[in-house]
Amino acid sequence: LGNTVAREDFEWVYTDQPHADRRKEILAKHPEIKALMKPDYNLIWVVVLMVLAQLTAFYLVKDLDWKWVVFWAYVFGSCISHSMTLAIHEISHNSAFGNSKAMWNRWFGIFANLPLGLPYSISFKRYHMDHHRYLGGDGIDVDIPTNFEGWFFCTRFRKFIWIVLQPFFYAIRPLCINPKPITRLEIINLLAQLAFDVAIYYLWGVKSIFYMLAGSVLGLGLHPISGHFIAEHYMFLKGHETYSYYGPLNLLTFNVGYHNEHHDFPNIPGKSLPLVKKIAAEYYDNLPQYNSWIKVLYDFVMDDTISPYSRMKRQLKGEVKQD
């Protein structure tokens, strides 16, 4: 448990991210992929059903013993909550209503946020667009851990704790790396969330609130689905900064595992990313890939050469445009 990883800094690179060039090359060879660049209206109904499912769960747990509230928060609530964060990820790319109705997507994201208990949909969209434009950008891409995370979480035990605390780090990292002025929509997101939480507490009590918040924290921490946080961009193989996962948990995560495909074509909904891989198989089949997010979590903790420092980082040049 005391082994210390060898890496002492990020992997600094001086080349552009590969996704823009690959996108141009694929579209030149497979222009039919452009037909997939359209909204996924089924996403709307899936999100509505997920919100209703959680509302039903809030009601059902209100009179349970605490041990069962905790049990269902981890077994069911955490899965729905993490899945909803990835629905919000889809909505942040305007996948629900399309680019022509951007504000509809913002309002729908606030709605999807409600059963999570903590407001984040609007802020996530602002920072996530930076992640796509400036992948690994120093001081811009808040998906990159802080220097403190890389320095401190350097043993197997500490890396395990880092995984458990991932929701905490994703929440505070933007404030440390790239703080932005609060917008009107973020205030609306906050007020809507507070009103919803108060209503749930008033209607069904503290156990429903605990179930909601615990499900969100547990689902984004030590949970099989959380393997995608590490699988997407942590450098298990030197020279590769984005990795795809083609296992069954894509069914719960709107195909976020198709991550090379997503960064190549961020305006294609997750539902259609398997088609992208199929059409342009010659570009994706030979890239490094995963079939188990649980193994990713295990390898991250147990491999003494991997740590939060195992990310590619870029010093950005020229004008940087942020949301």
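For all residues, glycine too, the Cβ spot is worked out from N, Cα and C.
Quick look at what TrEMBL lists:
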DOMAIN    5-43  domain 'Sphingolipid delta4-desaturase N-terminal'
TRANSMEM  43-61  transmembrane segment
TRANSMEM  68-87  transmembrane segment
TRANSMEM  107-124  transmembrane segment
TRANSMEM  187-204  transmembrane segment
TRANSMEM  210-231  transmembrane segment
Next on the checklist: Do any residues, 6 or more residues outside the domain 'Sphingolipid delta4-desaturase N-terminal' (5-43), come within under 8 Å Cβ-to-Cβ of it, and if so which ones?
Outcome noted: 87, 90-91, 94-98, 135-136, 144, 150, 154-155, 235, 238, 241-242, 254, 260, 263-265, 267-272, 275-276, 279-280, 283, 304-307, 309-315
Item to check | Residues in the domain 'Sphingolipid delta4-desaturase N-terminal' (5-43) grouped by DSSP into helix, strand and remaining coil | outcome: 19 helix, 3 strand, 17 coil
Checklist outcome for this item: Beyond a gap of at least 6 residues from its ends, the CB atoms lying under 8 Å from the transmembrane segment (107-124) belong to 44, 47, 50-51, 54-55, 58, 80-81, 84-85, 87-89, 91-92, 96-97, 171, 174, 183, 185-186, 188-190, 192-194, 196-197, 209, 212-213, 216
Checklist entry - Are there residues at least 6 beyond the ends of the transmembrane segment (210-231) whose Cβ is under 8 Å from a Cβ of it, and what are they? => result 54, 57-58, 61, 69-70, 72-74, 76-83, 85, 115-118, 163-167, 170, 197, 200, 243, 245, 249, 252-253, 256-257, 259, 290, 292-297, 300
Checklist outcome for this item: On average, residues of the domain 'Sphingolipid delta4-desaturase N-terminal' (5-43) score a pLDDT of 91
